[in-house]
Amino acid sequence: MSRILLLLAVLIGATSQKEVTIKNEKCRTCNFLVSTFDEGLKKTARHHFAGGDTAWEEKNLGKYKTSETRLIEVLEGVCKKSSLPNMDNFMGIAEIEFKCSTQLEKHEETIEEFYYNQQHNNMSNWLCVEQLKLCCPDGHFGKNCEQCPGLSEKADVCFGKGSCHGDGSREGSGKCKCETGYTGNLCRYCDIEYFEESRTVQGVVCKKCHEGCLGVCSSESSKGCSKCKNGWKLTEEGCADVNECQNESACTKEHEICVNTVGSFKCECKEGYKKDDEQNCQFDVEASPDRPFMPIDQQLKLIAFSSLIIIITFVVWHGSPVLYVLTGITIVALILVDLYVNPDTIPDEAKRFLGY
């Protein structure tokens, strides 16, 4: 019965995930306006009053705090990206400066009301939520700013394990989109391959099952598995990895070797071979074996020089005309080797023969 309920929770949770993405542009544009306006207030305060003490400012700012002169200075930077230190909170809104300026022009009187009479209030809440009704407070959604799931039960939104669709906007369904490992309308159940570690009125804590478990489990160790995935076998100690490479039928193609992995295995080519388009292991002419102590072209030159020295020694010793001819041939060969032999001109077969 409990498994049936869990399955239903998963299905319901999956349905709740399929929600239209909310851009919430009007609300975010309003908050962009507020942010640039607030930066303007800070900038003018720094320019004219560097005291930093609220009581001092109330006493000494005089009429400038709500003067038309200051408002004009503030409005010069409103709706400009350059007014903010970064735009991270407003990414993805096309033509945000134009849209912000449109809001500013449309609601100029409301913004002036805030400046002259409402500066003691939070501007974002007063303007965007209460007056223009473009946003909702955090934890609320929709046209009437209804509470997101969880708040009515004095818990966090979606019991702290998900996000509320439309949170903070005048849009959305209010359904919870659960974090990985959680499911259900309120994200109060553990998803498949997760188990319930603890539960309180504030929510549930779920942890992932052991990697060898198939489906539900009771703890994070392999002993908590009720069934095992392919590549694992159920033992007294729980799910244990199966070494498929012990099976002679694994990796039977020519030049293949079996490599055991956790829960599976893979077939790789022996050293000096590589897979072709048909996944067969073929001789790799480009394979790089252990490099010799001396480059191959230098080896050939050393052989040529050594041969020359040996021949000259015999020529001097015997004084034979034939050896004089061989000496001449060797000198010509040595010159050709020195001029034309390099790693690019040496055939692949010769490289492999010399271990290069």
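Backbone N, Cα and C define each Cβ position, glycine as well.
Per Swiss-Prot, the features are as follows:
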- Cys27-Cys30: disulfide bond (DISULFID)
- Cys158-Cys176: disulfide bond (DISULFID)
- Cys178-Cys187: disulfide bond (DISULFID)
- Cys245-Cys258: disulfide bond (DISULFID)
- Cys251-Cys267: disulfide bond (DISULFID)
- Cys269-Cys281: disulfide bond (DISULFID)
- Asn122: N-linked glycosylation site (CARBOHYD)
- Asn247: N-linked glycosylation site (CARBOHYD)
- 27-30: motif 'CXXC' (MOTIF)
- 18-299: topological domain 'Lumenal' (TOPO_DOM)
- 318-321: topological domain 'Cytoplasmic' (TOPO_DOM)
- 342-356: topological domain 'Lumenal' (TOPO_DOM)
- 300-317: transmembrane segment (TRANSMEM)
- 322-341: transmembrane segment (TRANSMEM)
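Structure with Swiss-Prot features highlighted.
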residue : record                      : Cβ contacts under 8 Å, 6 or more apart
Cys30   : disulfide bond              : Gln103, Ser124, Leu127, Cys128, Leu132, Leu134, Cys135
Asn122  : N-linked glycosylation site : none
Cys158  : disulfide bond              : Cys148, Pro149, Gly150, Cys164, Cys176, Lys177, Cys178, Leu186, Cys187
Cys251  : disulfide bond              : Cys245, Ile257, Cys258, Phe265, Cys267
Cys269  : disulfide bond              : His255, Glu256, Ile257, Lys275, Cys281, Asp284
_I need the least crowded one of these disulfide-bonded residues (Cys176, Cys178, Cys267, Cys281), counting other C-beta atoms within 10 angstroms of each C-beta._
Cys267
*Could you state the whole-number distance in Å separating the C-alpha atoms of Cys27 (disulfide bond) and Asn247 (N-linked glycosylation site)?*
63
_Neighbour tally for Cys187 (disulfide bond), based on other Cβ positions within 10 Å of its Cβ_ = 29
*Averaged pLDDT score, the motif 'CXXC' (27-30)*: 96
*Within 10 Å of the Cβ of Asn247 (N-linked glycosylation site), how many other Cβ atoms can be counted across all chains shown?*
11
*Using a 10 Å radius around each Cβ and counting other Cβ atoms from all shown chains, which of the disulfide-bonded residues Cys27, Cys245, Cys258 yields the largest count?*
Cys27
